[in-house]
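Since the structure comes first, as structure tokens, the remarks are kept for the end.
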Amino acid sequence: MAENASTELKMFVLFCLLLIQVSLSEVIFEERFEDGWRSRWVRSDWKSSEGKAGSFKHTAGKWAGDPDDKGIQTSNDAKHFAISAKIPEFSNKNRTLVFQYSIKFEQEIECGGGYMKLLSGFVNQKKFGGDTPYSVMFGPDLCGTDTKKLHVIVSYQGQNYPVKKDLQCETDKLTHFYTFILRPDATYSVLVDNRERDSGSLYTDWDILPPRKIKDLKAKKPADWEDREYIEDPNAVKPEGYDSIPAEIPDPKAKEPDSWDEDEDGIWKRPKIPNPAYKGPWKRKKIKNPNYKGKWKTPWIDNPEFEDDPDLYVLKPIKYVGIEVWQVKGGSVFDNILICDDPEYAKQVVDEVFANREIEKEAFEEAEKVRKAQEEEEAQRAREDGERRRKERGYDRHRDRHRDRYRKHRRDYMDDYHDEL
């Protein structure tokens, strides 16, 4: 009975801790683009005067796990897209920041972005554009077959710093979730579809602050430093008579040819062969160096230029979230935007949406079958049209040749007729 009571107490304590965690976590902003989304988002007029501003369409896209789960889709080619939403002001000081959203590149984008931005300070949303300062820029950027970059750019004291690592984004045409987590200890994680793609620290993976440690360029390897792992055995002794062993010996199996004539050919001698007993010049065998210290490396020292900032991870208070991209081909669906302080809740959102993942894959595969069938049908029509045109050209050439022969025959006849006259 006492053991059962203890187990129940532990479970109760864990349940209470879970409730405390849930109650302390906060969702700052969550957008599923359901009814009323237009009241929360402001489309920018940036590039409108130049005729280069694109528009967004409210849709689940061509293939979707849930047709009612709609996002906003870039709907024009070769345009700039800019739209933003104001959110409750959020400071990540002493808190974890989770920034997450989904995107589906339905189009052959050729070249263009699919990233999002977190903005601080006052922003004139009608003028929000590429030159608007931001605190975080995060997400994929594609161009041709070479560029498939996953941007993670953070702002510090007014300057933007990209992550030094070469992070790669997804390139297929299905929905993918991108998650950026920034913690109060200045560590971060990047997740794609709830799987960690990368992690590290603002101190090491960005060039925001000078490094804590640098190599001591003044240091030199000590004269007595032993970096030879193996040395010759000083106690080894060369065997007696070793140097007298010949490199070659007469071949004991060789026989004098029957046709050999000493008077004419001279005294026959056995040909030389390598001596199996000959081991080359004598060398002392190698043994482990008892004084071996390993390869000498330049030591690291404290960087005199490093000045720590315990608030390195702290962004300016976030007030807006926005999409600002340029695309050669439109057709990207942005959805499920989340800003919170609880990575577990973000994970639940991904799991919830991906409950329909297989349905989306099946819809995409069916759409691909239809597309390929249409392409084949168009190709067949093109082949048939080409064949028809070739036949018509052949008929025209035959007709022209027949006409030319008739005209020539007519001229010859008329010439003969006039000659007779």
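Glycine is no exception: its Cβ is also placed from the backbone N, Cα and C atoms.
Asp141 (alpha-D-glucoside binding site) counts 18 other C-beta atoms within 10 Å of its own C-beta, drawing on all protein chains shown. In three-state terms derived from DSSP, Asp141 (alpha-D-glucoside binding site) belongs to an extended strand segment. The annotation alpha-D-glucoside binding site is assigned in TrEMBL to Tyr115, Lys117, Tyr134, Asp141, Glu324.
Across the compositional bias 'Basic and acidic residues' (367-398), DSSP classifies residues as 32 helix, 0 strand, 0 coil. If you look up TrEMBL, you'll see 367-398 marked as compositional bias 'Basic and acidic residues'.
What TrEMBL lists as compositional bias 'Basic residues' is 399-409.
Under DSSP, Cys111 (disulfide bond) is assigned to a strand (E or B) in the three-state scheme. As annotated by TrEMBL, disulfide bond applies to Cys111-Cys143.
For the region 'Disordered' (230-271), the list of distant contacts is 277-279, 282-289: same-chain residues at least six beyond its ends, Cβ to Cβ under 8 Å. What TrEMBL records for 230-271 (among others) is region 'Disordered'.
Residues or ranges marked as region 'Disordered' in TrEMBL: 367-409 (among others). Same-chain residues lying 6 or more positions outside the region 'Disordered' (367-409) and placing a CB less than 8 Å from one of its CB atoms are 62-63.
Residues or ranges marked as signal peptide by TrEMBL: 1-25.
In this structure, Lys117 (alpha-D-glucoside binding site) is part of a beta strand by DSSP. Annotation for the binding-site residues Tyr115, Tyr134: lowest Cβ count within 10 Å of the residue's own Cβ, Tyr115. Residues Tyr115, Lys117, Tyr134, Asp141, Glu324, recorded as contacting alpha-D-glucoside, have a largest CA-CA distance of 17 Å.
For the binding-site residues Lys117, Tyr134, Asp141, Glu324, a Cα to Cα distance of within 10 angstroms from Cys111 (disulfide bond) holds for Asp141. Close to Lys117 (alpha-D-glucoside binding site) in the fold, though at least 6 residues off in sequence, lie Thr132, Tyr134, Ser135, Val136, Met137, Phe138, Val321, Gly322, Ile323, Glu324, each with a CB less than 8 Å from its CB. Glu324 (alpha-D-glucoside binding site) counts 23 other C-beta atoms within 10 Å of its own C-beta, drawing on all protein chains shown.
Around Cys143 (disulfide bond), the same-chain residues six or more apart in sequence whose CB sits under 8 Å from its CB are Glu110, Cys111, Gly112, listed in sequence order.
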